[in-house]
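K.L.:
Encoded as structure tokens, here's the structure I'll be asking about.
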Amino acid sequence: FPGLADVSISQDIPVEGEITVPVGSHSPDEDYSTLDEPVKDTIMRDLKAVGKKFVHVMYPRKSSALLRDWDLWGPLVLCVSLALMLQGGSADSKDDGGPQFAEVFVIIWFGAVVITLNSKLLGGTISFFQSLCVLGYCVLPLTVAMLVCRLVLLAGSGTVSFIIRLIVVGAMFGWSTLASTAFLADSQPPNRKALVVYPIFLFYFVISWMILTFTPQ
């Protein structure tokens, strides 16, 4: 097109359209990354998140905090703590309690996985790890019950001690069951809630029975 070189555009012709580059307000949060923050701040933030979930379990109410920001750190700590306190519970055991620790650890996690799969097969609307998070965090009352029972057993293992432990374990069993169903019930179809609550009841009942029948070595 050799003729186009002689074509000139008059300066009086207006240019249509916006030719300026819009500059919006730049938020400092856009450049923020957890990779740039100190390790101390990351640990403190995670600890605060776990602590808030513990509070939600001890004061159960219809909240999506456990479901929205799920994690498995709290359940792992509770599971290990409960297994450590329950190990070596057999009076005639001569080993170091290792099998008991593995037994408790496997029962808690395997039970939580089975309940989660049951919930998903029944049409639950929450994810696999959200359900594990709720079931794991709701072991907190039973972990407190185990701690109280260990303290009571230090004073003796008579009838009075058994009654106190029965009351404490029964109360914490109800607390764990109610807390877990408060978070999980709304995620199930209305006509199948009983089928979801029943395995949860059995899950916490088995853990409660292990705590109640614990006898120190």
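The backbone N, Cα and C atoms fix where each Cβ goes, glycine too.
According to TrEMBL, the protein has these features:
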DOMAIN    57-210  domain 'Yip1'
TRANSMEM  70-89  transmembrane segment
TRANSMEM  101-122  transmembrane segment
TRANSMEM  134-156  transmembrane segment
TRANSMEM  162-184  transmembrane segment
TRANSMEM  196-215  transmembrane segment
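Mind mapping these onto the model and telling me what they sit next to?
P.N.:
Sequence-remote contacts of a segment are chain residues at least 6 beyond its ends whose Cβ falls under 8 Å from one of its Cβ atoms, and for the transmembrane segment (70-89) they are 46, 49-50, 53-54, 96-98, 100-101, 104-105, 108-109, 112, 127, 129-130, 132-137, 139-140, 142-143, 146-147, 150, 207, 210-211, 214-217.
Within its own chain, the transmembrane segment (101-122) is flanked in space by residues 75, 79-80, 82-84, 86-87, 128, 131-132, 135-136, 139, 184, 187-189, 192, 195-196, 199-200, 203, 206-207, 210, which lie at least six positions past its ends and keep a Cβ under 8 Å from the stretch.
Within its own chain, the transmembrane segment (162-184) has Cβ neighbours under 8 Å at 57, 60-63, 66-67, 119, 124, 126, 131, 134-135, 138-142, 144-145, 148-149, 152-153, 196-197, 200-201, 204-205, 208, 211-212, counting only residues six or more beyond its boundaries.
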